[in-house]
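S.K.: Just passing along the structure, written as structure tokens.
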Amino acid sequence: MSVSIKTPEQIAKMRTAGRMAAEVLEMIGEYVVPGVTTEELDRRCYEHIVNVQKAVPACLGYRGFPKSICTSVNEVVCHGIPSDNKVLKKGDIINIDVTVIYDGWYGDTSKMYFVGKPAPHAERLVKITQECLYKAIEIVRPGTTLGDIGHVIQQHAENNYYSVVKDFCGHGIGDVFHEEPQILHYGKPGTGPALQEGMTFTIEPMINAGKAGTRVLKDGWTAVTVDRRLSAQWEHTMVVTKDGVEILTARTEESF
Ligand code: MF3
Ligand code: CO
Ligand code: CO
């Protein structure tokens with residue numbers, strides 16, 4: 001199988017799904033406060049996706065994942081499972097990752113939230129990680145290579161004395177959750193396949209304050225930093241246009 005190019009009609013459906021996923025992240029923000037459980041955040045997202053949007057939470061049941069969203073707190077790199085036992089406290093940082101299916105098409109996006117006031121080092125990690133995503137988005141256009149994308153992310157992270165997680169990557173997306181190509185968040189300029197108009201994929205850098213290594217807990221999902229230092233992640237779904245990129249999961253607070 002090779003990389004699929006989407007038609008304008010298919011892109012229109014992904015625009016709808018992407019907007020829905022973004023809207024879930026906008027909706028949930030006010031509930032990310034000290035004392036809330038990640039289970040409650042999951043329940044609110046589930047109810048919004050199913051009852052308000054009439055859409056499908058893609059994570060629920062995906063390869064056995066038991067919840068509708070991923071909630072990754074502090075040293076959790078990705079795929080944190082919402083739980084009654086996980087109560088958010090002041091100073092935590094949390095990534096909420098939402099994927100919605102609407103009319104058979106996927107939108108996948110995540111952002112970081114602060115629980116109360118963050119420590120300066122945590123705020124800085126979250127900001128630099130968002131900049132990694134934005135710097136990658138800035139160079140997306142026909143002809144840019146996957147190595148170019150990985151390189152800008154790796155440069156910005158490492159220039160700031162952080163490390164890029166190598167064990168997880170972005171991905172093509174469409175009427176399938178994860179499809180070709182893999183989008184690595186590190187790489188060398190000018191290497192790898194070139195982007196083409198109509199390609200749809202995510203960029204979702206995971207950046208660690210300490211070393212890059214990760215391990216998966218016994219629940220089979222939760223990926224944590226080996227050194228248990230903080231990790232941050234931001235994700236958008238996008239389509240390559242004639243001369244640039246359209247972010248399908250843009251939030252109203254963002255201007256692309
Ligand atoms: N949304 C994640 C991604 O960005 C995938 C989560 S899979 C799950 O690709 F099963 F953990 F939900
Ligand atoms: Co993704
Ligand atoms: Co995601």
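Backbone N, Cα and C atoms are what each Cβ position is placed from, and that goes for glycine too.
Sharing the features that TrEMBL gives for it:
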type	residues	note
BINDING	His79, His178	substrate binding site
BINDING	Asp97, Asp108, Glu235	divalent metal cation 1 binding site
BINDING	Asp108, His171, Glu204, Glu235	divalent metal cation 2 binding site
DOMAIN	13-242	domain 'Peptidase M24'
S.K.: Long-range same-chain neighbours of Glu204 (divalent metal cation 2 binding site), Cβ under 8 Å, sequence gap at least 6?
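M.R.: Result: Asp108, Ser110, Leu133, Phe168, Cys169, Gly170, Ile183, His185, Gln233, Trp234, Glu235, His236.
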S.K.: Ligand 3 is in the model; which of the binding-site residues His79, Asp97, Asp108, His171, His178, Glu235 have a C-beta less than 6 angstroms from one of its atoms?
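M.R.: Checking each Cβ against ligand 3, the ones under 6 Å are Asp97, Asp108, Glu235.
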S.K.: What whole-number Å value do you get for the CA-CA distance of His178 (substrate binding site) and His171 (divalent metal cation 2 binding site)?
M.R.: 6
S.K.: Taking a cut-off of under 6 Å between Cβ and any atom of ligand 2, tell me which of the binding-site residues His79, His178, Glu204 pass.
M.R.: Glu204
S.K.: Please give me the CB contact count at 10 A for Asp108 (divalent metal cation 1 binding site), counting all chains in the structure.
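M.R.: I get 27 for this one.
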S.K.: Which whole-number value in Å describes the distance between the Cα atoms of His171 (divalent metal cation 2 binding site) and His79 (substrate binding site)?
M.R.: 15
S.K.: What's the CA to CA span in angstrom from Asp97 (divalent metal cation 1 binding site) over to His79 (substrate binding site)?
M.R.: 8
S.K.: Look up His178 (substrate binding site) in the DSSP assignment and report helix, strand or coil.
M.R.: coil
S.K.: Validating a neighbour-count step here. Other CB atoms within 10 A of the CB of His79 (substrate binding site): how many?
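M.R.: Other Cβ atoms within 10 Å of His79 (substrate binding site): 21.
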S.K.: Applying the rule Cβ within 8 Å of the centroid of the Cβ atoms of Asp108, His171, Glu204, Glu235, what extra residues of the same chain belong around the divalent metal cation 2 site?
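M.R.: Everything else in range on the chain: Asp97, Thr109, Ser110, Gly170, Ile173, Ile183, Phe201, Thr202, Ile203, His236, Thr237.
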